[in-house]
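Presented below is the structure to which this report refers.
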Number of protein chains: 2
Amino acid sequence: MRGVGAAAGRAARARRGRGAAMAEEAAVRAQADTVRRLKQDNADPDQIAKEVAKLLEMKAQLGEDEGKHKFVLKTPKGTRDYGPKQMAIRERVFNAIISCFKRHGAEVIDTPVFELKETLTGKYGEDSKLIYDLKDQGGELLSLRYDLTVPFARYLAMNKITNIKRYHIAKVYRRDNPAMTRGRYREFYQCDFDIAGQFDPMIPDAECLKIVHEILSDLELGDFLIKVNDRRILDGMFAVCGVPDSKFRTICSSVDKLDKVPWEEVRSEMVGEKGLSPEAADRIGEYVQLHGGLDLIEQLLQDPKLSQNKLAKEGLEDMKLLFEYLTLFGITGKISFDLSLARGLDYYTGVIFEAVLLHQENEHVEEPVSVGSVAGGGRYDGLVGMFDPKGRKVPCVGVSIGIERIFSILEQRLEASEEKIRTTETQVLVASAQKKLLEERLKLISELWDAGIKAEMLYKKNPKLLNQLQYCEETGIPLVAIVGEQELKDGVVKLRIVASREEVNVRRESLVEEIRIRTSQ
Amino acid sequence: MRGVGAAAGRAARARRGRGAAMAEEAAVRAQADTVRRLKQDNADPDQIAKEVAKLLEMKAQLGEDEGKHKFVLKTPKGTRDYGPKQMAIRERVFNAIISCFKRHGAEVIDTPVFELKETLTGKYGEDSKLIYDLKDQGGELLSLRYDLTVPFARYLAMNKITNIKRYHIAKVYRRDNPAMTRGRYREFYQCDFDIAGQFDPMIPDAECLKIVHEILSDLELGDFLIKVNDRRILDGMFAVCGVPDSKFRTICSSVDKLDKVPWEEVRSEMVGEKGLSPEAADRIGEYVQLHGGLDLIEQLLQDPKLSQNKLAKEGLEDMKLLFEYLTLFGITGKISFDLSLARGLDYYTGVIFEAVLLHQENEHVEEPVSVGSVAGGGRYDGLVGMFDPKGRKVPCVGVSIGIERIFSILEQRLEASEEKIRTTETQVLVASAQKKLLEERLKLISELWDAGIKAEMLYKKNPKLLNQLQYCEETGIPLVAIVGEQELKDGVVKLRIVASREEVNVRRESLVEEIRIRTSQ
């Protein structure tokens, strides 16, 4: 296999070609230049740190590609395995999220991992280049889903559903540049909750924000902030700043980068790459630094330019209503109306929001993971209509919890805390004190399984008692049921409590009940 | 969108070309011929029915491709959505399976949906052509996983794990010809349980069979049979029948078809396509009709030819040991040692097995779904070594539950039974008796959510009480918490029990407790 793997690796590199390899190396050099320039300019230390991390990652990726290919022993770029410990953390997080979704009365659905390519076409704006396509092997052209929202809209239109509240937890795929140490992957879970239907304004929207608030509070990830804006306010703002209609979406994409790069860079993209006039860019620059609560909404409703724009006015009035509902929910303390929030995707039509964790203050972790947004969503009233043959619209609003970043934090926290986490639920180990008792162990464990007891045994004919007890210590099994020749004659089983080393003889017919009592809490 | 969809549909058809369309139509005609021939020959009615079903499906697929493409409103060929009702069934089945895996002390892992293409190369024999490849968009060449076994072996080698008992429940992908009415898809779940490690013979193998037995019994799918064989017995049999070494695997693939096509057809494939001598084929034909229990094993251990073959003898002796353990587990009644069982995959090295449901006797269903194998597995001692740079072996044995076919049966059964299945867990609807109480409903529902109560409300400012009560009837919500002006003044909430129409006033501070009591069972 070694030979085969190495040959395949060589073939892969040859196929990718010197051109691709050189491009990757050039990207690393360019990144190194960026870091050098930032240091010379005495830039913000946080930003320098971020760019250095990116550089290290790019270098690691390049090295990894070279070194590991020989043995074909890796997962694809930007993906990872989940071992039993990671899965235990993942299940805890999923349980918290699913509980919340069910608390809000959601049903659950599932859709295929791939869609017809044309189903995804024209839904993601500039991000469309990140979609994974399947190879044309004859038949339909397919792509891996990029999110759960477009498949949901396709599902609604296809089944003519006009009214549903559902959640969907599944993996999505983006050919992005992964930053795995910060919980960014090419394959990652999304946990989506959406409300579809024609309802009175802002009631379902407010519930989505309540859900984000509940989940982030439940998971105890530290302080967080939910930024809220409205596509109509953004579009109105672009109009009054003098952005031509045709440039709304692309300027919106630039604004969306404000959480990652400083305004000056965004401005130069708008003016340089996208051909916006410097005056228009500067006017936008004034608006996007605004954030606040009800008072800011009131202030903008009085803004001489914005209040004259129909779209902006509608958006602001709905935002006011939303804040009234959020006040009734008692959660405005963690909500910020933020004019710089844009969200990249094309399909949003109204309220948009995004939750970010604030400075990770965690005593256990020396170097906190820097995580970005952990949840986001918004209203998309036009998406279902794009799929309906007659263009019938179904208004929708929804939220997506970005769970990988949450995992990264909890995983680091657990590693630092040295808390022992059990990865099985085994209640009892069936053990033997002497040799030649394999048959008796098999008979007893079979009885226990049939009675619903979680039981294990060592797969050896004649295991030593010490090894069997040690296995319990290592894996956290609380009880040992020991069969021995004397016990068999007496019709009893010796039950040992691992923690206290106490041993009691239990009549065989009472064993199941005894195990249940001793492991029920 | 309509225009765009139609254009894309036309483009897709144009791309596939007239050639492909004609090939599909030709395949339908060939199938029609097959059916005609079988009828003329007075063939087995079951077989005719099967071929007719296949024909209808091919026709439907052809029609579907044409009709629906115009609106891009379908899931990819061979895939399906799961609506809330299907998901409720799916969760029941998963719970039964996961409970069993946990009862046997398994940990859980997860791996990415795609692997490096070379990871899958050379593991599946003739089935390799069914692997989905991703398009080369620069970077690594990837394929969707074909099963969970090869990723598991890659995971073990990559992490140098020599000892684990794990389960993995995830979707796998095969570009097969789907027969969706019979629960065969291109995207489907596998539920895998595997034991890796160097242990005393047949103990983990016996546990895998016990697990299949437990799960199929739990799910109450009707009578079933677990066929067992051993690759070493097959290889020994091929050797003594005069099959050249180089043809073992391909002849094994032919034998694997015996559960679907009659011996005569398999024989003609062996002799015609694969160039086996007619005498060798006939000798194989005698062996593969044998099936039985311990007595057959004893008989074959005395077989003058087979007992002289080292591999066959090893296999038979292990089979005997296996049956002894299965006797201790009390499950031999549903196990059949069957020399015609071959299993298609290349990587098996020892025991192999497959569970089939026997005649679906179900009073509720008029036309029973014909399902094939619902579980399968075996021992693969060489697979991990194929990934390890030093070729270190980790012996493995495992079982895979084919859950889609089980869904198909349960789904049909549920539909026929008219049993109402709840798709949410909502305990209480927060309702109002008069207008202008939206704020009060929002305040109350927020209190309930924060206390962990599963609560819903209608997203309307002023819903009619009748509509609110009707919503409860439709969705099975058992309680209604009604706020009214008088109740607000009195500090109470009116709690209505939907089933009995009884109404009681509950003090607001006791409401959560009251709901808990009334919905706890």
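Using the three backbone atoms N, Cα and C, a Cβ is placed for every residue, glycine included.
Keep in mind that what you see is a predicted model, and the values were worked out from it rather than measured.
As recorded in TrEMBL, the features of this protein are as follows:
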REGION    B:1-20  region 'Disordered'
COMPBIAS  B:1-11  compositional bias 'Low complexity'
DOMAIN    B:20-76  domain 'WHEP-TRS'
DOMAIN    B:78-410  domain 'Aminoacyl-transfer RNA synthetases class-II family profile'
BINDING   B:ASP147, B:LEU148, B:THR149, B:ARG174, B:GLN190, B:ASP194, B:ARG343, B:TYR347, B:TYR348  L-histidine binding site
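Distribution of TrEMBL features across the structure.
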| residue | record | CB count, 10 Å |
| --- | --- | --- |
| B:ASP147 | L-histidine binding site | 19 |
| B:THR149 | L-histidine binding site | 26 |
| B:GLN190 | L-histidine binding site | 18 |
| B:ARG343 | L-histidine binding site | 22 |
| B:TYR348 | L-histidine binding site | 25 |
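In the predicted model, the domain 'WHEP-TRS' (B:20-76) has a mean pLDDT of 67. If you compare every pair of Cα atoms in B:ASP147, B:LEU148, B:THR149, B:ARG174, B:GLN190, B:ASP194, B:ARG343, B:TYR347, B:TYR348, the residues listed for L-histidine, the longest distance is 21 angstrom.
Under the DSSP three-state reduction, B:TYR348 (L-histidine binding site) is assigned to coil, being neither helix nor strand. DSSP classifies B:GLN190 (L-histidine binding site) as strand under the three-state reduction.
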